[in-house]
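Trainee: I'd like to ask you about the structure that follows.
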């Protein structure tokens with residue numbers, strides 16, 4: 001089967017629609033002239049597009065290609081992650097989001113300056129930038145991989161085409177275009193998954209046959225309650241690690257916080273966050289089932305062992321070509337789904353990185369050098385942000401060329417988020433939960449957590465052993481005499497030969513990073529405070545340290561602090577974060 005003319009037309013149409021939405025937004029409203037419109041859409045967005053965008057930002061081409069491959073190789077256990085997301089959603093909506101909403105800043109890391117100081121803000125911003133640059137490279141590489149296997153075009157050329165397209169799209173429409181386009185692109189993501197599911201059910205003669213073969217192949221195991229932390233996927237690793245991963249993404253990550261800040265009210269932002277969960281759940285369940293469909297089709301002739309593909313992440317594209325490639329336009333529709341998911345994700349990251357760079361790097365540097373605030377003409381204030389977004393786009397292209405050096409795209413993306421996201425989550429948690437943490441102590445904790453997490457996340461570790469695949473019958477693909485091929489073991493070393501921390505499930509990277517940052521940051525703060533070397537104390541808003549800025553804390557923590565202060569006879573006052581002077 002080949003990628004025909006109609007398939008190219010479908011992919012081109014998706015590109016044009018996405019760019020068209022950007023052009024429409026650019027030509028309406030305030031024409032994307034101000035930073036507030038380009039970065040926060042003038043805080044005028046409704047719940048639905050934000051909910052879809054929250055899902056599409058981090059669950060895009062990585063989900064389509066990575067989850068289906070995960071289920072094919074290791075079984076349905078991964079679906080337990082959705083329970084972790086359900087547990088974490090109210091935590092993000094009711095504890096973290098209210099604090100950011102009171103801040104009303106373009107950069108989420110402005111909170112850290114209000115709570116700790118400039119050093120904490122800069123450290124967190126740099127960690128976030130590293131995290132997003134690595135992630136963007138993988139997100140661009142994933143659809144390039146799909147295009148290579150399905151279309152046959154050069155992978156490097158595909159990376160460049162995708163990257164340039166995203167740069168143009170991001171710089172045209174701003175965050176409003178990203179949010180609106182995410183709805184359209186999310187629908188295409190679901191279309192791509194349902195193409196696999198519907199064709200698979202038709203081929204198998206019913207869902208029951210697919211499930212039956214999954215059971216025979218050991219891929220229907222869902223009740224792994226093994227508490228051993230070296231177990232790759234169990235209820236413990238998926239619930240605990242998944243919950244911390246979700247919070248690191250949806251509670252404190254600039255990309256998601258920025259989206260939630262585009263909604264005009266806190267209640268609306270909370271509803272958007274809640275609505276994103278069932279949308280994410282639907283995509284997760286359908287994508288997981290598509291992995292079982294693909295297993296059913298290739299249960300007797302694994303395409304990787306048969307050397308029809310070069311990576312497990314090409315499983316879904318090769319399936320589409322084998323089953324639906326003869327129908328004009330269908331393959332193009334699938335590739336468009338993967339492609340559009342990348343557009344939404346990367347454009348979101350570019351927009352957020354541009355906001356962080358302008359607010360956290362450029363403006364403070366300008367103030368330090370010139371000794372005055374940056375004054376930009378309002379009609380041109382978005383121009384520097386757009387230029388910065390374009391620069392990050394080219395950095396993204398460079399990172400994408402390195403992505404194939406890593407392992408499976410799903411696991412490596414989660415490892416990246418865990419290595420940086422866990423420590424960042426701990427830093428915000430320290431600031432929003434306790435009075436004691438201070439600037440120097442928290443920064444020491446952040447660097448300790450990030451360094452440890454990166455070492456654990458990217459150290460040489462035992463390879464996961466997938467479930468059995470075979471080459472019993474490849475006649476339907478006109479391939480014969482392959483049954484004697486025996487796949488070589490991934491590693492000759494026993495897992496017990498590796499250092500214990502390197503044998504832990506990759507889901508615990510985020511947990512380890514969180515707790516190291518949390519405890520090191522807390523106790524370092526206590527020690528440094530006793531030594532009178534703790535930096536600026538921003539919790540108090542008066543010289544006598546009697547008045548606390550309660551807006552810096554999670555609502556229940558703030559209420560408890562007020563109660564304690566009232567019992568001690570202290571004056572209670574509420575002062576908005578934006579009114580607190582920046583030192």
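Don't overthink the numbers, they just go from 1 along the chain as shown.
From the backbone N, Cα and C atoms, a Cβ is placed for every residue, glycine too.
This is the feature table in TrEMBL:
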- 6-25: transmembrane segment (TRANSMEM)
- 71-101: transmembrane segment (TRANSMEM)
- 122-145: transmembrane segment (TRANSMEM)
- 157-180: transmembrane segment (TRANSMEM)
- 187-211: transmembrane segment (TRANSMEM)
- 234-252: transmembrane segment (TRANSMEM)
- 273-298: transmembrane segment (TRANSMEM)
- 318-343: transmembrane segment (TRANSMEM)
- 387-403: transmembrane segment (TRANSMEM)
- 409-428: transmembrane segment (TRANSMEM)
- 440-459: transmembrane segment (TRANSMEM)
- 506-528: transmembrane segment (TRANSMEM)
Trainee: Going along the chain, which residues at least six beyond the ends of the transmembrane segment (157-180) come within the CB cut-off of under 8 Å?
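Mentor: For the transmembrane segment (157-180), the sequence-distant neighbours (Cβ-Cβ under 8 Å, at least 6 residues beyond its ends) are 15, 18-19, 21-26, 29, 32, 37-41, 44-45, 49-50, 52-53, 140-141, 143-144, 147-148, 151, 258-259, 262, 339, 342-344, 346-348, 350-351, 382, 386, 389-390, 393-394, 396-397, 400-401.
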Trainee: So which residues does the transmembrane segment (318-343) touch in its own chain, when a touch means Cβ under 8 Å and the partner is 6 or more beyond its ends?
Mentor: 1-4, 6-11, 13-15, 18, 56, 60-61, 63-65, 139-140, 142-143, 146-147, 149-151, 162, 165-166, 169, 181, 184-186, 188-193, 195-196, 199-200, 203, 293-294, 297-298, 303, 308-309, 477
Trainee: Who are the long-range neighbours of the transmembrane segment (6-25) in its own chain, taking Cβ under 8 Å and residues 6 or more past its ends?
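Mentor: Beyond its ends, the transmembrane segment (6-25) has Cβ neighbours at 32, 151, 165, 168-169, 172-174, 176-177, 180-181, 184-185, 188, 328-333, 335-336, 339-340, 343.
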Trainee: Going through 71-101, 187-211, 387-403, 506-528 one by one, which has the most CB pairs that fall under 8 Å from the transmembrane segment (122-145)?
Mentor: 387-403
Trainee: Return yes if the transmembrane segment (71-101) and the transmembrane segment (273-298) have at least 3 CB pairs under 8 Å (sequence gap of 6 or more), otherwise no.
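Mentor: In this chain the transmembrane segment (71-101) contacts the transmembrane segment (273-298) - 3 or more Cβ pairs sit under 8 Å.
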Trainee: With the transmembrane segment (506-528) as the reference, find which of 187-211, 234-252, 273-298, 387-403 contributes the most Cβ pairs under 8 Å.
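Mentor: Ranked by Cβ pairs under 8 Å, first place goes to 234-252.
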Trainee: Take the transmembrane segment (234-252) and find every residue of the same chain, 6 or more past its ends, with a Cβ under 8 Å from one of its Cβ atoms.
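Mentor: Cβ under 8 Å, 6 or more out: 54, 58, 77-78, 80-81, 83-85, 87-89, 91-92, 95-97, 108, 223-228, 273, 276, 414, 417-418, 421-422, 424-425, 428, 505-511, 514.
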Trainee: Can you name the far-off residues of the same chain, 6+ from the ends of the transmembrane segment (187-211), with a Cβ under 8 Å from a Cβ of it?
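Mentor: Distant contacts of the transmembrane segment (187-211): 14, 56, 60, 63-64, 68, 220, 282-283, 286-287, 289-290, 292-294, 296-297, 316, 319-320, 323-324, 330, 333-334, 336-338, 340-341.
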Trainee: Can you name the far-off residues of the same chain, 6+ from the ends of the transmembrane segment (387-403), with a Cβ under 8 Å from a Cβ of it?
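Mentor: Beyond its ends, the transmembrane segment (387-403) has Cβ neighbours at 133-134, 136-138, 140-142, 144, 156, 159-160, 163-164, 166-167, 170-171, 346, 349-351, 353-354, 357-358, 362, 409, 412.
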Trainee: At a C-beta cut-off of under 8 Å, are there same-chain residues at least 6 beyond the transmembrane segment (273-298) that contact it? List them, or none.
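Mentor: That would be 47-48, 50-52, 54-55, 59, 63-64, 67-72, 76, 78-79, 81-82, 85-86, 89, 92-93, 97, 186, 189-190, 193-194, 196-197, 199-201, 203-204, 209-211, 213-214, 217, 219, 250, 260, 315-316, 319, 322-323, 469.
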